[in-house]
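**Q** One structure follows; several queries about it will come next.
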Amino acid sequence: METFPHVFQYPFAVLQQQESGFPLRGRWHTDFFHNDHPIVLELGCGRGEYTVGLGKRFPEKNFIGIDIKGARMWAGAKESLQEGMSNVAFLRTDIELLDRFFAEGEVAEIWITFPDPQMKKVGKRLTGTRFLSLYDKVLERGGRIHLKTDSPFLYTYTKALVELNGLPVHEITDDLYGKGCVENEILGIRTYYEQQWLERGLTIKYISFGLGEPDCEYREPDIEIEPDSYRSYNRSRRSQAVPS
């Protein structure tokens, strides 16, 4: 992937060698995308099929898929390059370093698609307070966070956290495809991975919410949540997007 012009590989060891920091931080609009369209991130993008799917569906927005495992994103990077998609890029790095790659207010939306719910490690949950404070450093005021998950545990946890902290909720459903309460553009993008769980009878949960006031201290919900069977499913296959 070193030859792909829209793929940036900056794990922590590489970033440390850059005395001036990541060159596109605060300059994604002017120096890479060459437009002022909203920037949308997909965290833990895997093979990149959802990032590419969003890029096709929303040409008026810029999309950046982020994952630490570079081999995963090769498929999405190749497809977007072959199709000449100028609104898609990929970044190989740790999500914990997000503010080293994006300036304050540079990001309009964040997608978190089917992450590990981290049932035993609160600090690693991508919708937990630790990460919300990180997103605060890059997300514009009024920006949105989107979570799609098949994990009842993570959905319940995120819903409780949002309610406890009084965060604005834009859309929420515990059965995304069964109740049809969200915009069709979101329903129209399914990864193979997502389709697989639907065929097994799992429901997809979705919540779109905003952040709190600047510099607010987020609180963790003090509730007991029953663990789910997230680990019992084969999650190794994440291939092409499947149209609905």
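The backbone N, Cα and C atoms fix where each Cβ goes, glycine too.
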**Q** Per Swiss-Prot, what member of Asp94, Asp99, Asp150, Asp222 joins Lys120, Thr191, Tyr192, Tyr193, Glu194 in binding substrate at one site?
**A** Asp150
**Q** When the Cα-Cα distance from Thr191 (substrate binding site) is computed for each of the binding-site residues Glu42, Asp67, Asp116, which gives the smallest value?
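**A** Smallest Cα separation from Thr191 (substrate binding site) among Glu42, Asp67, Asp116: Glu42.
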**Q** Can you give me the Cα-Cα distance between Asp94 (S-adenosyl-L-methionine binding site) and Tyr192 (substrate binding site) in Å, rounded to a whole number?
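**A** Asp94 (S-adenosyl-L-methionine binding site) to Tyr192 (substrate binding site), Cα-Cα distance: 24 Å.
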**Q** In whole Å, note down how far the CA of Tyr193 (substrate binding site) lies from the CA of Asp67 (S-adenosyl-L-methionine binding site).
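**A** With distance taken Cα to Cα, Tyr193 (substrate binding site) is 17 Å from Asp67 (S-adenosyl-L-methionine binding site).
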**Q** Fewest other C-beta atoms within 10 angstroms of its own C-beta: which of the binding-site residues Tyr192, Tyr193 fits that?
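**A** Per-residue Cβ counts within 10 Å for the binding-site residues Tyr192, Tyr193 bottom out at Tyr192.
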**Q** Given that the record lists Glu42, Asp67, Asp94, Asp116 as binding S-adenosyl-L-methionine, what is the largest C-alpha to C-alpha distance among them, in Å?
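**A** Between the outermost Cα atoms of Glu42, Asp67, Asp94, Asp116, the distance is 15 Å.
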